[in-house]
Number of protein chains: 2
Amino acid sequence: MALGEFDLIHRYFDRPGGRAVLGIGDDCALVAPTPGMQLAISTDMLVEGRHFLSTVAPERLGHKSLAVNLSDLAACGARPLAFTLSLALPRVDEAFLAGFSQGLFALADAHGIELVGGDTTAGPLNISITVFGEVPPGRALLRSGARPGDQLWISGTLGDARLALEVFRGTLPLAGEAFEQVRLAMERPTPRVALGQALQGVATAAADISDGLLGDLGHILKRSRVGAQLEADALPRSPLLAAQPLAVQRQCTLAGGDDYELVFTAPAAAAAAVQAAGRAAGVAVTCVGHIQAEPGLRVVDAAGRPVDHGLASFDHFKA
Amino acid sequence: MALGEFDLIHRYFDRPGGRAVLGIGDDCALVAPTPGMQLAISTDMLVEGRHFLSTVAPERLGHKSLAVNLSDLAACGARPLAFTLSLALPRVDEAFLAGFSQGLFALADAHGIELVGGDTTAGPLNISITVFGEVPPGRALLRSGARPGDQLWISGTLGDARLALEVFRGTLPLAGEAFEQVRLAMERPTPRVALGQALQGVATAAADISDGLLGDLGHILKRSRVGAQLEADALPRSPLLAAQPLAVQRQCTLAGGDDYELVFTAPAAAAAAVQAAGRAAGVAVTCVGHIQAEPGLRVVDAAGRPVDHGLASFDHFKA
């Protein structure tokens with residue numbers, strides 16, 4: 001049986017309304033923002049082979065599609081409110097839709113947010129989500145606020161998602177539980193939403209790490225018109241990644257991609273507040289360097305020697 | 001030369017900021033909604049072969065991609081504020097990007113709205129836009145407000161876009177200026193944004209006609225729990241379509257698709273106000289029937305005889 005477009009939306013994506021004044025089913029959704037708050041908006045498109053592999057379970061893909069968008073809100077310190085979903089599918093695949101919507105809504109429910117609009121169409125698999133959050137005026141974490149002397153921080157650990165990708169590519173061997181663990185990092189990332197909000201008024205700048213640390217930190221440095229020294233050996237990594245050759249560790253932590261951790265800056269005097277924010281959000285935060293007035297990024301090892309970082313940031317057109 | 005993702009965004013889509021507090025270039029855009037207004041949100045995804053043909057000029061595709069989204073805001077009576085764009089492209093095609101962005105921004109500028117967020121990736125051509133507008137609380141035009149006795153109205157004319165599609169499909173002959181005219185209707189629709197706002201407090205229900213009149217009117221009837229009598233011969237159509245066989249006229253006006261006109265209802269006592277709204281917005285409005293308490297849609301001809309309307313609404317999975 002071929003389901004029509006509207007049946008599809010209805011069956012898998014229509015749910016009882018929550019904070020939206022009017023949800024799916026009209027030409028527009030109507031949302032009443034909290035008076036006085038600014039609206040934070042971000043959008044991310046996921047394409048097979050670029051942002052996920054065909055081997056991913058639908059539940060995980062549903063989770064990841066929303067997670068990468070929530071990660072952008074986290075990087076701004078915004079509280080998530082709602083999202084829209086546009087979905088192109090090669091064919092009506094109910095097993096896919098059931099799994100995808102389950103993973104999507106499980107994460108949405110965990111953050112108390114609602115799907116307020118959607119579109120489905122036949123076409124090559126494509127998932128486009130736009131998320132909305134709120135943040136008090138002047139409290140959003142921007143990329144432009146880093147100042148010389150600020151410490152440079154990373155949440156969680158970096159590189160496991162890239163490690164998993166390399167295993168899929170056949171360039172690295174990893175099996176059993178170890179493979180499952182890094183695969184989970186790649187396919188089911190945790191957006192640092194609580195940390196982002198806890199860093200309001202503490203961090204001076206922030207970005208989420210989606211295209212590799214070097215690239216995303218580069219955005220902060222460029223927009224803040226500063227430079228940085230980054231200690232490669234201080235970058236937080238899982239025991240699994242720490243067991244890999246040093247070159248692999250460097251590649252995965254510095255230019256891995258798909259980490260969805262936060263890179264952020266804060267004055268040295270705020271170090272205790274940063275640690276407290278991490279504890280409140282239930283995620284480790286690690287100081288990995290500091291901001292300098294001189295433009296450019298200087299990556300050094302534990303002994304302070306320069307580390308070659310001629311590593312391209314993960315870029316969806318270059319990779 | 002292969003351009004990277006960020007260069008692409010920058011070159012074609014980064015423009016000086018307007019009403020957004022913070023536009024493209026950070027993790028999120030920040031927008032300050034007008035205090036007390038509700039936010040109207042809609043999203044539409046366009047896929048080649050489903051929503052446009054490969055023969056469309058990039059300028060027109062840029063226009064249409066935003067137009068179909070603005071049409072949803074129009075159907076709610078909302079004032080457009082901003083939009084996000086996610087774009088998957090098979091390859092970096094600068095001629096396409098230049099034309100596409102030109103058409104997109106020309107329409108955005110005409111409505112005074114701003115691109116506040118975006119994502120680009122390699123992948124099969126896919127255009128996903130989310131639009132934001134505002135509307136005073138309680139003033140949005142919904143699909144659920146039609147009442148028995150209301151008159152049924154249509155803006156502009158219906159069916160030219162479908163006529164063009166049939167010419168492309170080779171099922172109808174049309175050439176020269178005539179073909180150019182219907183092709184323009186298909187490739188460069190005009191969203192009825194001003195009309196939608198002018199109908200605030202006048203219309204009782206509205207929807208935009210994107211999937212064919214029967215389908216979109218059906219949404220109003222279903223959500224309003226009413227029926228309607230529709231006079232097929234009263235449906236507004238261009239002289240070009242009126243010169244086609246009656247069966248073609250019926251197919252194109254009743255179930256054409258891609259019209260992006262508004263279908264709306266209003267009390268008979270508001271007929272003068274509806275006409276005034278049309279004049280103010282610079283678009284013809286035509287009364288084509290009325291709402292009835294009995295569920296179901298009864299399509300009749302000028303003599304009041306039933307017209308067979310076993311015509312499927314344009315559905316992107318069935319077509």
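Even glycines carry a Cβ here, placed using N, Cα and C.
Curation does not apply to TrEMBL; its annotations are automatic.
Lifted from TrEMBL, the feature list:
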type    : residues                               : note
DOMAIN  : A:25-135                               : domain 'PurM-like N-terminal'
BINDING : A:ASP27, A:ASP72, A:ASP208             : Mg(2+) 3 binding site
BINDING : A:ASP27, A:SER42, A:ASP72              : Mg(2+) 4 binding site
BINDING : A:ASP44, A:ASP72                       : Mg(2+) 2 binding site
BINDING : A:HIS51, A:ASP258, A:PHE314            : substrate binding site
BINDING : A:GLY118, A:ASP119, A:ARG143, A:SER210 : ATP binding site
DOMAIN  : A:147-300                              : domain 'PurM-like C-terminal'
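Most other Cβ atoms within 10 A: among the binding-site residues A:SER42, A:SER210, that distinction falls to A:SER42. Of the listed binding-site residues, namely A:HIS51, A:ASP72, A:ASP208, the sparsest CB environment within 10 A is found at A:HIS51. Among the binding-site residues listed here, namely A:ASP27, A:SER42, A:ASP72, A:ASP27 has its C-alpha nearest to that of A:ASP119 (ATP binding site).
The domain 'PurM-like N-terminal' (A:25-135): residue composition by secondary structure is 36 helix, 46 strand, 29 coil, according to DSSP. A:ASP27 (Mg(2+) 3 binding site) sits 30 Å from A:HIS51 (substrate binding site), taking the Cα positions as reference. Between the CA atoms of A:ARG143 (ATP binding site) and A:ASP44 (Mg(2+) 2 binding site) there is a gap of 18 Å, rounded to the nearest whole number. Listed in sequence order, the binding-site residues from A:SER42, A:ASP44, A:ASP72, A:ASP258 having a Cα within 10 Å of the Cα of A:SER210 (ATP binding site) are A:ASP72, A:ASP258. A:ASP27 (Mg(2+) 3 binding site) has a Cβ environment of 28 other Cβ atoms inside 10 Å. Comparing the Cα of A:ASP72 (Mg(2+) 3 binding site) with the Cα of every entry in A:SER42, A:ASP44, A:HIS51, A:GLY118, A:ASP258, these being the binding-site residues, the smallest distance points to A:SER42.
Neighbours of A:GLY118 (ATP binding site), defined as other CB atoms within 10 A of its CB across all chains, total 24. Among the binding-site residues A:ASP44, A:HIS51, A:ASP258, no residue is found with its Cα located within 10 Å of the Cα of A:GLY118 (ATP binding site).
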